[in-house]
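Engineer: Positions annotated as region 'Disordered' by TrEMBL: B:1-22. Annotation source TrEMBL lists compositional bias 'Low complexity' at B:1-21. Positions annotated as domain 'ABC transmembrane type-2' by TrEMBL: B:48-287. Positions annotated as transmembrane segment by TrEMBL: B:49-70, B:82-109, B:130-155, B:167-188, B:200-222, B:260-281.
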Amino acid sequence: MTPTTTPTTSRPAPPSGPPGSPGGPAVRVRGLVKRYGAKRAVDGLDLDLATGEIVAVLGPNGAGKTTTVEILEGFRARDAGEVRVLGEDPARAGRAWRARLGVVAQDSHDQAELTVAESVRSTARYYPAPRDPDEVIASVGLAGKAGARVRSLSGGQRRRLDVALGVVGGPELLFLDEPTTGFDPQARRTFWDLVLRLRDTGTTILLTTHDLAEAAHLADRVAVVRDGRVVATGTPETLGGPGARTPLVTWTADGVQHAERTDTPTALAAHLMATVAGADGEVVDLCITRPSLEDVYLGLVTNGADA
Amino acid sequence: MSAATAPVPTPAPARARPSSAGGHLPGVARLALVRAGVELRQFWRERDAVVFVFAYPIVMLAIFSTVFGAEDQGTDVAQIGYAQYFLPGMVATGVMLTSFQQLAVSIAVERDDGTLRRLRATPLPASGYVGGKVLLTLATAVAQTALLLAVAALAFDVPMPSDAADWVTFAWVFVLGTATGTVCGVAFSSLPRSGRSASAVVTPVVLVLQFISGVFFAFFALPSWMQTVASVFPLKWIAQGMRSVFLPEEMAALETSGSWQLPATAGVLVAWLIVGLVVGVRTFRWRRRDDG
């Protein structure tokens, strides 16, 4: 099980220190492999989460995100690789370990006949040191719905209940799997504030999402997964390396469109002004853009892909 | 493994965190009670399930007793009213519905709808989950049987046994039958591929057993090969045990062996209890069969 190095870009110093200590690794994955028949859903994946940080795992559908997360949660067995979550191997960890995790999975439609309060209170009782259920309900903005049947909740309210159920045990590590799918912009913003408050209370969060704005807003670090591997990690600002952020200057001269990547766009613009500007001093269609996280992400997941 | 540069192996989970020192993991008995509360609330609020479980044996008793009301059952040995003859089979069928059918279907459905996945992510052990199911089953089986007996006695004038020994037999057949049905239901729940197919897989099993086990037809009137097949399964024995409680002693002559065979009943039910327990423990899955 030799740890393999992933071609990462501008990765911060790997987390170190004893598990559970501040700044120590909450999650450490090396060379993770999961096969479904002949297909390698996860193919040598490496991932680190330091205690107290939010890491967003991005990637197209079928890239292996959900499989990876389910292995970390102890739902699925792996075929190869080294996995440590809160210092334990999820494949062998027991109830005491589960008590330290929170999981917010995708599309659950269970417990429809319970009320919000019953649902959160009964779940709290599975844990050794739960949070106060009523406070948790209030923190996700469902205080007014505490007596309502789960069946009657809207999609967004249902999702916030999922989060309440995921955090009521007082987890050290929280898994959020595409938490804001189907939210309206305002609900999404409220939800983000909730996640950041959780982080501020010391919860480590592993977030999977398709929403690049969400990743940019919430994540301390981003890991992009493609074909079962992490192809890049970094802060949302540095992901993809400096090259990926090189500003792009586009303009039109003599009816021909031009594009040039440069670290000195201002100088290029000045040069264009002096050389190709018209009589009015304008360069036709001049535009300077800095690639967004989405542009960088799309570059990472489409580069060299067969499709 | 020998590389000096390998990361330091993580030591055994040191409970470094103060929050976890604040409490111990709750015990299984307490968790089963918490789960039973959740299960009862959910069951009671799903009206259709409640109506089915409680009404089915009563409606069947009413229909059969009305249709065949004029015909007495038995031979020249003993003649009793149809409702009285029919009641033990309905008690047995009620036990099977509330235990086996309810559990096999509900666990398969909960494997599908995310309930088990969510519970799996908590420190709730499988024993706590199943314990809650057992308590729910016990509560519904008691309530349903009491209701059935009340209707039989009040509306159909079925005489209730006056002998304490009969009620002792009733109690152990009921408890053992419910326990057997419960563990077999847990074991069987792993068979349906999905929650949607669960009813379609479980119901035929229950229906066939009802027809061959002397629930709808008098057991002595069935072909002997059918009696032999039925003798392998618990329902025939629960029904026979209940006949020993609710039918007059002379009717024992109508049983295939000429007696109530209570020791054999206990033996078969205990055997199924053990088989169901072993299979249930070995095959219980938090996830669907076809899920990676």
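From the backbone N, Cα and C atoms, a Cβ is placed for every residue, glycine too.
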Engineer: Test the contact criterion for the transmembrane segment (B:130-155) and the transmembrane segment (B:49-70): 3 or more CB pairs under 8 Å, pairs 6 or more apart in sequence, then answer yes or no.
Structural biologist: yes
Engineer: Given a Cβ distance threshold of under 8 angstroms, which distant residues of the chain, six or more beyond its ends, lie next to the transmembrane segment (B:260-281)?
Structural biologist: 130, 169, 172-173, 176-177, 179-180, 182-184, 186-187, 231, 233-234, 237-238, 240-241, 243-244, 252
Engineer: List, by number or range, the same-chain residues at least 6 past the transmembrane segment (B:200-222) whose CB is under 8 A from its CB atoms?
Structural biologist: 60, 64, 73, 85, 89-90, 92-93, 96-97, 100-101, 104-105, 108, 188, 191-192, 229-230, 233, 235-236, 239-240, 243, 254-256
